[in-house]
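Q: Encoded as structure tokens, here's the structure I'll be asking about.
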Amino acid sequence: MSLLVTGIGELVTNGPDGDGPLGIQHDAALVVEDGVLTWVGARRNAPACDARIDVEGRAVLPGFVDSHSHLVFAGDRAGEFSARMTGVPYDGGGIATSMAATRGAPDDELRSLVAARVEEMRRQGTTTVEIKSGYGLTVADEARALRIACEFTTETTYLGAHVVPPEWRGDRAAYVDLVAGDMLAACAPHARWIDVFCEPNSPHAFDEAESRRVLAAGVEAGLMPRVHGNQLGPGPGVRLAVEFGAASVDHCTFLGADDVAALVDAADTTVATLLPGVEFSTRSPYPDARKLIDAGVSVAIATDCNPGTCYSSSMPFMIALAVREMRMSPAEAVQAATRGGAKALRRSDIGRIEVGAKADLCVLEAPSHEHLAYRPGVPISRVLGEERWV
Ligand code: NIG
Ligand code: FE
């Protein structure tokens with residue numbers, strides 16, 4: 001069954017055949033067959049198809065790639081958020097609260113919470129999401145989180161090194177042994193990636209030596225590394241991510257000149273994933289996206305959707321924040337939310353509209369991509385992905 005999409009006001013391809021860095025095409029059409037794009041080009045040359053959809057002048061973009069989320073959790077931390085808005089700083093300590101709620105939730109409850117969050121993301125144009133564990137922090141609870149995450153995405157990340165849980169606070173080294181040993185063994189079959197909250201500025205997270213140990217064990221077990229780094233202050237996260245050839249180092253809020261230079265050198269390998277919803281929700285200074293982009297760093301943006309630092313699943317909201325608060329152009333922000341996210345997940349079949357790519361499409365209730373930032377909250381009229389409209 002072939003489907004022809006016509007009436008596209010602006011087609012953002014992210015490819016070489018079009019205008020500007022977004023590869024924008026006008027008067028374009030595309031054909032979808034079995035969830036794959038089989039033809040993209042000028043409407044007048046479009047082939048005959050079994051069915052046709054006219055999107056009546058709306059902009060069509062690659063579906064958003066949300067390359068960083070923590071969707072497997074129960075409960076919320078609204079009280080912590082309110083306290084933060086009156087000046088209480090974020091230090092990662094609240095992760096233990098979500099951990100307790102998550103451990104206490106039955107499988108079916110966790111599964112339906114994740115399903116609801118994934119659906120919320122899809123309605124806002126996200127067609128690929130990475131999901132981390134990290135609120136279980138026992139062998140059984142981390143493995144359970146990843147088994148549930150696997151029901152929703154192939155981009156699953158083992159984050160046993162999120163924080164040291166309360167029962168291990170007297171013996172951090174033993175917890176790191178567990179994360180790099182039995183917990184990794186139980187989780188690796190259900191994960192593609194390994195991540196660590198490398199943050200010497202938090203008493204709950206992991207320092208350079210601990211992070212190095214966890215990442216090395218993960219790589220040894222066949223997982224690919226990514227890192228939470230430089231979120232709460234300067235630190236070794238970026239350096240470590242580059243050293244390990246990580247696909248992404250995420251947050252990048254506090255960077256020194258050395259970090260930026262390392263990211264420039266590693267631009268083919270390591271993406272700096274910026275999470276502006278975190279700065280919004282923790283009332284922190286935003287990362288200097290302008291400096292990173294101008295220097296030649298590869299940049300992505302993602303939601304980091306989690307109950308502590310950013311309880312938002314909305315990539316359009318992140319795009320609006322990136323433009324307004326981080327001085328990215330609308331085109332840069334859209335690219336970071338699509339092609340940037342794909343690169344941060346080492347995927348070439350998503351984040352672009354070209355023949356052979358997955359037919360993951362997002363149709364805006366607007367004529368151009370600029371409206372995502374210009375008209376914050378602009379509706380997404382349709383999402384095509386996994387062969388279904390929602
Ligand atoms: O990416 N920084 C570490 N992890 C999450 C926050 C998790 C939480 O506070 O529950 C983040 O910001
Ligand atoms: Fe995170």
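Cβ atoms here come from the backbone N, Cα and C positions, even for glycine.
From TrEMBL, here are the annotated features:
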DOMAIN    60-366  domain 'Amidohydrolase-related'
BINDING   His68, His70, His228, Asp304  Zn(2+) binding site
BINDING   His68, His70, His228, Asp304  Fe(3+) binding site
BINDING   Arg77, Tyr135, His162, Gln231, Thr309  4-imidazolone-5-propanoate binding site
BINDING   Tyr135, Asn306, Gly308  N-formimidoyl-L-glutamate binding site
Q: Got a sec? Which of these binding-site residues, Arg77, His162, His228, has the most Cβ atoms within 10 Å?
A: His228
Q: May I ask which residues of the same chain, at least 6 positions away in sequence, place their Cβ under 8 angstroms from the Cβ of Thr309 (4-imidazolone-5-propanoate binding site)?
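A: Sequence-distant Cβ neighbours: Tyr90, Leu275, Gly277, Val278, Ser281, Thr282.
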Q: Tell me which binding-site residues (Arg77, Tyr135, His162, Gln231, Asp304, Thr309) have a Cβ under 6 A from ligand 2; sequence order is fine.
A: Asp304
Q: If you measure from the Cα of His70 (Zn(2+) binding site), which of the binding-site residues Arg77, Tyr135, His162, Asn306, Gly308 is the nearest?
A: Asn306
Q: Rounded to the nearest angstrom, how far is the Cα of Gly308 (N-formimidoyl-L-glutamate binding site) from the Cα of His68 (Zn(2+) binding site)?
A: 14
Q: Between His162 (4-imidazolone-5-propanoate binding site) and Asn306 (N-formimidoyl-L-glutamate binding site), find the distance joining the two CA atoms and give it rounded to the nearest Å.
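A: Rounded to the nearest whole number, the Cα-Cα distance is 12 Å.
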Q: Please go through the binding-site residues His68, Asp304, Gly308, Thr309 one by one and keep those whose C-beta falls under 6 A from any atom of ligand 1; give the result in sequence order.
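A: Among His68, Asp304, Gly308, Thr309, near ligand 1: Asp304, Gly308, Thr309.
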Q: Which ones are near Gly308 (N-formimidoyl-L-glutamate binding site): of the binding-site residues Tyr135, His228, Gln231, which have a Cα within 10 Å?
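A: Correct set: empty; none qualify.
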Q: Could you give the Cα-Cα distance between Tyr135 (4-imidazolone-5-propanoate binding site) and His228 (Zn(2+) binding site), in whole Å?
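A: So the alpha carbons of Tyr135 (4-imidazolone-5-propanoate binding site) and His228 (Zn(2+) binding site) sit roughly 15 Å from each other.
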Q: Among residues Tyr135, Asn306, Gly308 annotated as binding N-formimidoyl-L-glutamate, what is the maximum Cα-Cα distance? Answer in Å.
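A: Largest Cα to Cα distance for the N-formimidoyl-L-glutamate-binding set is 11 Å.
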Q: Tell me the Cβ neighbour count for Gly308 (N-formimidoyl-L-glutamate binding site), meaning other Cβ atoms within 10 Å of its Cβ, over all protein chains shown.
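A: 24, counting other Cβ atoms within 10 Å of Gly308 (N-formimidoyl-L-glutamate binding site).
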Q: Rounded to a whole number, how many Å is the Cα of Asn306 (N-formimidoyl-L-glutamate binding site) away from the Cα of Arg77 (4-imidazolone-5-propanoate binding site)?
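A: Between the Cα atoms of Asn306 (N-formimidoyl-L-glutamate binding site) and Arg77 (4-imidazolone-5-propanoate binding site), the distance comes to 10 Å.
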Q: Among all chains shown, work out which of the binding-site residues His68, His70 has the most CB atoms within 10 A of its CB.
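A: Checking each of His68, His70, the winner is His68.
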Q: At a 10 Å cut-off from the C-beta of Gln231 (4-imidazolone-5-propanoate binding site), count the other C-beta atoms across all protein chains.
A: 28
